[in-house]
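Below: one structure, written as structure tokens.
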Amino acid sequence: MDYNNNRYGGGGGGSKFNLGHIVGDPFSLATIAIATAGWLIAFVSSIIANIDQEYPNYSWWALAYMFFVILGVTFAVAANAVYTYHVAMVGFLAAGLVFTTSSVNSLIYWSDKAKQAAAAGFILLSMVSIVWIFYFGSQPTASHRQTIDSFALHKDHAPSRASRHMTQSYRPETTHSAQHPQMYNSSQLAGFETSSPVTGYPGGAAGATKRESASAFPPPGQGGNFSNNQQPNPITSQNNPQNQHQQPQDLTSPSTTQQPTEYPYRAKAIYSYEANPDDANEISFNKHEILEVSDVSGRWWQAKKENGETGIAPSNYLILL
């Protein structure tokens, strides 16, 4: 399934900056606040330590680097674009973790209180970096991410319909989309059937003469009525073994009746989904709802709800149980 969902913070990077995404998410609010506090402690302590004695230049670079990392994480969360940039975020955080831990090692053993305070700020930055790497580096379907995201207000809304642009060839055949050819028996055709095999030519079978075509359809002026010797008897046509051999098989016969769909799998909705009103095949479901699934090979799964409603659902909204 195309995995760019607003639910995971994947609005394609085009969402506007909204502080409500941070305020409404306790995890993001707490970690960004701790990271900002740790950076301020390290920055102020570094200035004081640099006045009294020499300060490692490497730690200044670590401070500048982590400043932009915190800004980047804040922007990604506020713009609801975490899923779009989560790979880059994990990479930058991993490099920042190396910088902050190295700064801690170069400052923590000094007797100067300012340098020790700066080391404490870098320790806070290192701890937040580890938490962010574990969170942003995990799949949205991970249990710890689902637990954390359940406290966020904005992550309970229905995502954008970008996932509906999936290739329709992956959609399973349903009763709404499948179209069966209409079949008629000889009694319904009432003389309009032909004994020649149908080849797709508008005049009937290839090589058919004009006389044969004229016998099937009366010429104009006769009102479309058949004479007594031209109109076949429907009962005789049905009882004739030759006509039974030629007439197409009716859809109501047991051999062509569509077998009921089986649902051997069970899936849990990790997020709510609202069906497209223009597509009668889709179904809506709520977060944590249990669905029965018949096929899990494509991007769209044939699913059945507890109330008996059936339809297709995007696979990236479901997780198999």
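The first residue you see is number 1, and the count goes up from there.
Backbone N, Cα and C atoms are what each Cβ position is placed from, and that goes for glycine too.
Pulled from Swiss-Prot, these are the features on record:
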type     : residues : note
TOPO_DOM : 1-28     : topological domain 'Cytoplasmic'
TOPO_DOM : 50-58    : topological domain 'Extracellular'
CARBOHYD : ASN57    : N-linked glycosylation site
TOPO_DOM : 102-116  : topological domain 'Extracellular'
TOPO_DOM : 138-321  : topological domain 'Cytoplasmic'
REGION   : 155-181  : region 'Disordered'
COMPBIAS : 165-181  : compositional bias 'Polar residues'
REGION   : 194-261  : region 'Disordered'
COMPBIAS : 225-237  : compositional bias 'Polar residues'
COMPBIAS : 250-261  : compositional bias 'Polar residues'
DOMAIN   : 262-321  : domain 'SH3'
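Within the model, the topological domain 'Extracellular' (102-116) shows a mean pLDDT value of 93, rounded to a whole number. Using a Cβ-Cβ cut-off under 8 Å and counting only residues 6 or more beyond its ends in the same chain, the topological domain 'Extracellular' (50-58) has close neighbours at 99, 102-103, 106-107, 112, 114-115. Mapped onto DSSP classes, the topological domain 'Extracellular' (102-116) shows 10 helix, 0 strand, 5 coil. Same-chain neighbours of the topological domain 'Extracellular' (102-116): 42, 45-46, 48-49, 52-53, 55-56, 58-59, 62, 122-123, 126, counting only residues six or more beyond its ends whose CB sits under 8 Å from a CB of the stretch. Across the domain 'SH3' (262-321), the DSSP tally of helix, strand and coil residues reads 3 helix, 25 strand, 32 coil. Secondary structure of the topological domain 'Extracellular' (50-58), assigned with DSSP and counted as helix (H, G, I), strand (E, B) and coil, comes to 5 helix, 0 strand, 4 coil.
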